Every structure is written in C-alpha cells, then in structure tokens.
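Student: I have a structure here, written as structure tokens, and I will follow up with some questions on it.
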Amino acid sequence: MESYLNQNFDVKAKHSSEEALEKWRNLCGVVKNPKRRFRFTANLSKRYEAAAMRRTNQEKLRIAVLVSKAAFQFISGVAPSDYTVPEEVKAAGFDICADELGSIVESHDVKKLKFHGGVDGLAGKLKASPTEGLSTDAAHLSQRQDLFGINKFAESELKSFWVFVWEALQDMTLMILGVCAFVSLIVGIATEGWPKGSHDGLGIVASILLVVFVTATSDYRQSLQFRDLDKEKKKITVQVTRSGFRQKLSIYDLLPGDIVHLAIGDQVPADGLFLSGFSVVIDESSLTGESEPVMVNAQNPFLLSGTKVQDGSCKMLITTVGMRTQWGKLMATLTEGGDDETPLQVKLNGVATIIGKIGLFFAVVTFAVLVQGMFMRKLSTGTHWIWSGDEALELLEYFAIAVTIVVVAVPEGLPLAVTLSLAFAMKKMMNDKALVRHLAACETMGSATTICSDKTGTLTTNHMTVVKSCICMNVQDVANKGSSLQSEIPESALKLLIQSIFNNTGGEVVVNKHGKTEILGTPTETAILELGLSLGGKFQEERKSYKVIKVEPFNSTKKRMGVVIELPEGGSLRAHTKGASEIVLAACDKVVNSSGEVVPLDEESIKYLNVTINEFANEALRTLCLAYMDLENGFSPDEAIPASGFTCVGIVGIKDPVRAGVKESVELCRRAGITVRMVTGDNINTAKAIARECGILTDDGIAIEGPVFREKSQEELLELIPKIQVMARSSPMDKHTLVKQLRTTFDEVVAVTGDGTNDAPALHEADIGLAMGIAGTEVAKESADVIILDDNFSTIVTVAKWGRSVYINIQKFVQFQLTVNVVALIVNFSSACLTGSAPLTAVQLLWVNMIMDTLGALALATEPPNNELMKRLPVGRRGNFITNAMWRNILGQSVYQFIVIWFLQAKGKSMFGLDGPDSTLMLNTLIFNCFVFCQVFNEISSREMEEIDVFKGILDNYVFVVVIGATVFFQIIIIEFLGTFASTTPLTIVQWIFSIIIGFLGMPIAAGLKMIPV
C-alpha cells in the first residue's frame, strides 16, 4: 500500500506543481461526498484565474510605463484635463475623487499627475499634509472612509451552519439510504400500517440526520477555527504619521492621504506615491509575476499595493485602498484559491480510495449473496413469482445493508481527520505564540531533523545595549561609566561620533503624543542611538544641521550601511559608514587617536583594534565599527559610497543576553534527534561564545565563517556539513546553500529561521520556514510557513512538539478507523455469505460509522502533546506513514474482534439460553453491543501505539473523555430505548457485563500485541 501511495498520492509539503495536485484528484475513485472530501483542498480553477490576472497586470504595467515615458516628452504642453470634481466630493471638502486617484497610480499616468500639481498637489486636494499626515479626529477619518473606501479585500462570507448541513447531505451513500428509507416507509405502512410499518424507515432517517448534524457541527467548528487563524495571519502594522506623530497602525485602518514610512522588507500596504526617500527598489513580482525590480523615485513615484520594498526607505502618500487596487482584486481571487493540501491529506485520500474500492466490491458481493440466498429460498418453496410486502422490505433491507457497508468501508473521515487535527493544533499553537501560515508546515515540523537558527533575537533576547567601546583607541566600560564617558572623549572626536551615530542610522528619535522621547528602529540601531543620547547628542538638531545626499541602507551581503552628508561649513561632503567590525576596519587606512587627531593606521594599531574586537566578541558582545571619510573630490548621488579610505572613529560592543530556557530547549532537541545549527552574520568569536552558552557548539562540532564555507568543493562539503554547528559572517546565499545541501544531499527535513528580507530564499528553500514575528520583515513573513510571534527559540521547539503530536494523532486515528473498517466489512460479508443474513443492520452500521469517523477523529486527533514525544527520533523524510507497528495492532485487534463475533454467532444462542421468536434479534443486539464496546476500548488502546500504559494523561484530554462517555451513554439509549428503530432489544444485566468484558479484553490483547517486535 505504501509504495502505491508514494507513487500516486505523493505531494510536496510546499511548492507542489499543479500537475501533481491534479493527478491525485483524478485518482480518487470512490468518493461519497466530494464537497466535504475536497473542502480543504486548493481550488485550482481559482488559481489559474489569479495567474491570468497577474499576466494581465504585467501587460497593463508594461504599457503604462511605455505611455508614461512617451508622456514625459510632451509633458510641457499638458492641456487642461476635462476632469470635474463630483459634487459629493466637493461637499466633503476634497478636490479629487477615488476613481481619479486610482487611475493615476494604476495607469502610471504622468500626464494626469502633472495636471493635478504633482504629488504635493494631490496631497493638497486630499487635504493631507506631507509632514503632519492626517488629523486623528474620528469624524474626519470616518468621512474620509465613507468617501474613499477602506483598505480591506472582499472575502468569501463565512458559511452558516446550515450550509455545512446541506454539504453533509450531499453524501451519495446517505442519499441512497434516504431513498431506501422512503421506500421502506411506503411499503411498510402499506403492508403493516401506521406506526408499526414505519419503524425501519424512520430509524434510517433518524440515523442519517444524526450523522449529518454531528458531521456538520464538527465541520462548522473547524471552519470557525480557520477563520480565526486567517484573521491573525492578516495582522500587519505599518509606521504612519498622523497629527504630526509617528505611530504604528494596522494596514486595514489606512486611508487615502495617510503618510506611510516604508523600509527594506516592508510590503506596500496600498497604492500611493513616493514623497521622499533614498535608493528605493521595489519587487513587483507578487502583483505582476515580473522578476525585474523597479526603481522608485520622484521621476517614477508610483507605488503599487502588495509589492515589496527590496532596498532603501521612503515616505509615501496613500492614494487608493482596498478593492480599488489591483492587489485587492488579485487577493480576492487568490483567497478563493485556498491553501495547498498537505502531504498527509493527500496520502489519506489515497488510503480512503483503496479501501473504498475494496468496500464497494464487498458491498456488491454481499448484496448479491443475500439476494441469491433469498431467491434460492423462494425457489425451493416455489414462490419465486409471488412477492409479499415483507419480502420487498427484506430485499430493500439487503440493499440498505450493502449501501451501509460502503458507508462504513469508505473512510471519508481520514483526510478530514488531518484537517481537524491541524485546525486544533494551529489554534493551540497560536496560544503558544506560533502562527501557522500553511497547514502542511504543522505536520512537516513533526518530521524535522535539523533546525538552522538565527542568533540575534531568536537565541538572544534582542534587547541590546552598548556595554563596551573603543573610541579614539581607548577601551571603556560604557555600562559603568554612563554619561561621564563624554568627558573622556576629545571634543572633535565626540562631534564626529555624534554626527555618525545620528546621521548614519535606520532609526529615529521622536517625541510621542505623550511627550516622551521614543527611539524607533531595530534593537541594534536603538542601542547605538541610546549611546548617542547618553553622550549629550540631540537627534533632531543633528539631523537638521546636515543635508543628506545619499543613503545606503544596511545590507546583509555588504554587512554595513552608509550615508553621505553635506556639511554646513563650506558645503563639503562627508561619508559615514557603520557595520561588521572587521569589514569596516579593513576599509580604514586612518584612525582617530586618543588626542582626537587623525593618524595613519599602522600595523600596531590594526593589531590592537583586532585584539579589542576579539576580546569583545569572546565576551559574547556584538561588535560594530564606525568610520568616516571626507569626500574632497566631490560625489554624485548616482555613485556608490566609496568602499575604502575611511578613518576609524571607534568600535562598540553591544550586549544581547541569551534568552532564558534556550539551553534547555537545545538539549531537548538533541534528545529528540534534532540537530540545532546557528547561522548568523555576526563575528565568529561572538557566535562561538553564544553557541557554547546555548549548548549548540560541542567539542566535536565545527564553527566556520561564510567566506570559508562558500570556497569549499562539493567533496569537502560532504565531509564538513554534518559537523558544522555554527556558521558566522554568513551571507543569505551561504544560508541558502547550507539548507539546500542538507535537504538534497543529506535528505534532512530542515526548519530555518529568518527575519530579514535576504532570508527569504532560505525560508523558501527550507521544508519549514520560520519567520520572526517581532523582528521579522513582511517579506520574511510572506516567505515563511510559521511565524514565531515572540521570536523565541523555545517556541520553535514547541512547534516541533506540536508537529509530532499532529503526525502521531493522525496515525492513532488511522489505526483505530482501519480496525473498525476491516472488522465491519469481514463480519457482514462473511455472515451474509455463510448464514444468508447480516448481524449488523443499516442503522447500527451508521452509528458505528459515526463512532469511528467523526467522534473517533474528535477523540484521537485532538490529543495534546506530551514531553514523551520529544524522546523519540524524528520520522524524517522517508518514514512510512502506516508503520509495521500499526499493521500489527490493526490485524491483531481485527482478528480478536472477528473471532469474538463469530463465536457469538455460532454459539451465542446456546451460551445464553436464547430461544423463541426474538432469539435472533436478542443475539444480533448482543453482537452489536459487543462490537461497539470493542471499539470503545480499542479507542482507549489506540491512544498509544507502542506504550502499554494507555491511561497516562487521559484526563488531560477532556474531548476524549467526553467522546467516550457520550458513546457509552448513547449506546445504552439505543439498546434499551430505541429498539424499534435500531432493530435492537433490551439486554439483561449479565449480557451487559459480558459485552463490557468482551470489549475490555481487547485492551490486554492490545498490550500483548505491543510486545511483539516488528
């Protein structure tokens, strides 16, 4: 079975081809209810629609760019446009409507933009200030929203409970049973009168309704869970200026006229226009499919919603929001396309298809055997031409039994159990600070064999402070000195240092609406800005004193950032750079000495500074070097900032403490067979110090630098990679190469953490991409499968635990359901062949189907994880889903249950002294009761596939306890009170005890089976 499944029902956890997704759908033969079976699978037709929309967008933008280029040549002769402002817009105090705004940006219409007075003119017509932003007055914002719309996309409405009831009724076998019930009612009432003749028909109807309502309730609850998770996925905030203050705002609250601050890695939240900024490069591939990035500046100011900031930073004016943007329309279609189905969903669809075909064959044979037995009986009495109403009902009952065998045999609930388990796990993981973006990641994480983790913010707290410095060649302990440090630095050097800190930064020092000073930016930037403030610097004064000519934002390939400023005295230019200490120091040929004078950087000074860097790094400090250069030969903004010839001002050591609990989590991973590797851009000594503190770097492990790693040949990598525990000074491509090698060459299942834009390729390549929720950019989150909301390594271990839990829970459910399938099939088939009647009726089989399908999935697929899970080795990439241990348990239990039922059929009457007209009914009731109690105790045994103690932690899972309790309660009701509908009769206390003992005996047998090695 496993090889057939791998051949035909095998899809990747991510990036599956459309052909692979189409292939398994076409192979699904016996599907009772396509609406329900394929509910949580991708809608391929909607995906093709979205792809066509992207191609259209690409063509539209290509034409728009060509037109705008042509328009530039004739721009001076712009004729007045025939645009007139609609009356309701005028009445509201605005001079432009939403449609006109939308057409300007979407069509890249330079002519229209010029007519409206450029970006500043549009801001005026929108009554927005490019510096102060919109007013925070609620009435004003509400009016603007009514006129221009909200920044939300049209989503499919949440289906009501009754839609799920209707979908559950679409089950072909239930429909056929419904027809049988209707015919049974008519024939029964015609022959036996009301109400006696209606009992069989009403029994089937009641069973169908019960199955439908329980199924619909379960499905409806799942849909609510997914809707809640979808809401969490869409919580994106951006930096906005309103009423003159910078603040974080949800992208869904943005309105035309808002001033948004974008930085590298951000997603453009709505259509708009570039106001000011530097080196802005936009990736439009998500909207157009076009991989070539686009430069955005004052000449090409158009920014489209859904595109990504690949480089640079800027301020933008929002013009168009929500469904008026192309991204809004595309997202509405993409949302309907749905998520890819997970490998387990597809695999279990394969299992359901195989068993369904077997079940269909058995059902047809059972029906044929029962009908043939009836004909032979009538032939022997010579009444084959004469048919009574009772015989017609008997024939109908045979047909109903055959259909019900298909109901029980086709395990429609298998693929849905995966969804149920994943929905449950995703909801719980949300509480544990992990947001799952793609369903498949949940189950793949359970198979993970390697975690490649970032250092900063994941293994460490990301709360950074400068604790040591080497300024003007003097090493100082900043943590203890505080503000007295400024008196020990020469005045000229102090001025240079403050100029460098406050101008060459991606952060900002602002006054918030409560009048308090607030530092915005990454933790590293915040730490350095805090140092600047403690040295007596004033951020706003410093920024106003100098004109910024060019900015090169921090980039993890160059590992440094730079700025060129124009000095007020004489208009000369100066470049400042800051970044990885050894890289910036290598670009310096001069240094500021202890007297504040600039002197050449000799061998002795270089050696002293390198020793200082290593001393800081060995104390687990992150080191940065600050340097400057006077550009005496002039500089053009189109040029790159020079790469050498700088003067070193100083080196700072930044403390970023290791998170509590990381060492224990790393040890837990090691015991669970998961290798943890640290991949960081930091200095190798800093990385080694932190890795030792976390327990990642062991005596037999290797720490390597990215530049050394990328020079290795494939043969050397084969020997090296298994030993690598730390990779320092790594570039994004080093990380990508390591992940790819681990996945392809070493067949590992790799989880990778990332927070920056440049981590996207590695996150995309990995089996599970884990993005940081706090420090992560929107680009990283978009490429990830799971978002770690608290940026904590311990949460990653929790995700692995939940992943294992999902995988094992589904295995438990499959083991339980296949046992019921096998026994129900063989019992009814063999009984029909040998005795000419089936012991389990249609109503009884429907009840059994509900126990094993919906209720079984609820009980077993929602088992919470325990610490024992992390003591097992991971399944890895090649592990079989239905293991030998599962087959052993399934076959062992099936044989026991089959022997018990056959023994009761053969010897039951004499054993319990049953005689008289109701003896067969009494015996069949006893068989049905024993069969159900066998399933109840088998469900408890299925909680553990290898362990003998199955009661451990049973009370922690209240769902399991409730399901078992409800099953027993309703079984008593069915036997004792619903006899006329369910074809049962009340049992004696002895028979009840016997049924429970027979069921219970399955548990020691299950324990014995677990001792058999496989």
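Placed from the backbone N, Cα and C atoms, the Cβ positions cover glycine too.
Because TrEMBL annotations are produced automatically, they should be read as predictions rather than curated entries.
What you are looking at is a predicted structure, and each value in this text was computed from that prediction instead of being measured.
What TrEMBL lists as domain 'Calcium-transporting P-type ATPase N-terminal autoinhibitory' is 5-49. As annotated by TrEMBL, domain 'Cation-transporting P-type ATPase N-terminal' applies to 116-184. Under the heading transmembrane segment, TrEMBL lists 172-190, 202-220, 354-375, 395-425, 885-904, 919-937, 958-983, 989-1009. Annotation comment: TrEMBL describes 235-333 as domain 'P-type ATPase A'. Per TrEMBL, the feature domain 'Cation-transporting P-type ATPase C-terminal' maps to 838-1012.
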Student: Can you find at least 3 Cβ pairs under 8 Å between the transmembrane segment (919-937) and the transmembrane segment (354-375), where each pair is 6 or more residues apart in sequence?
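Tutor: The transmembrane segment (354-375) and the transmembrane segment (919-937): touching, no.
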Student: With Cβ distances under 8 Å as the criterion, find the stretch in 172-190, 395-425, 885-904, 958-983, 989-1009 that has the most pairs with the transmembrane segment (202-220).
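Tutor: Looking only at 172-190, 395-425, 885-904, 958-983, 989-1009, the most contacts with the transmembrane segment (202-220) come from 172-190.
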Student: Should anything in the same chain at least six residues away from the transmembrane segment (958-983) have a Cβ under 8 Å from its Cβ atoms, list it; otherwise answer none.
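Tutor: Those are 199-200, 202-203, 206-207, 841, 843-844, 847, 851, 855-856, 858-860, 862-863, 921, 924-925, 928-929, 932-933, 936, 939-940, 943, in sequence order.
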Student: Could you tell me the mean pLDDT the prediction assigns to the domain 'Cation-transporting P-type ATPase N-terminal' (116-184)?
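Tutor: PLDDT averaged over the stretch: 84.
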Student: For the domain 'P-type ATPase A' (235-333), DSSP counts of helix, strand and coil?
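Tutor: Split into helix, strand and coil, the domain 'P-type ATPase A' (235-333) gives 18 helix, 48 strand, 33 coil.
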Student: Of the residues in the domain 'Cation-transporting P-type ATPase N-terminal' (116-184), how many are helix, strand and coil by DSSP?
Tutor: 40 helix, 3 strand, 26 coil
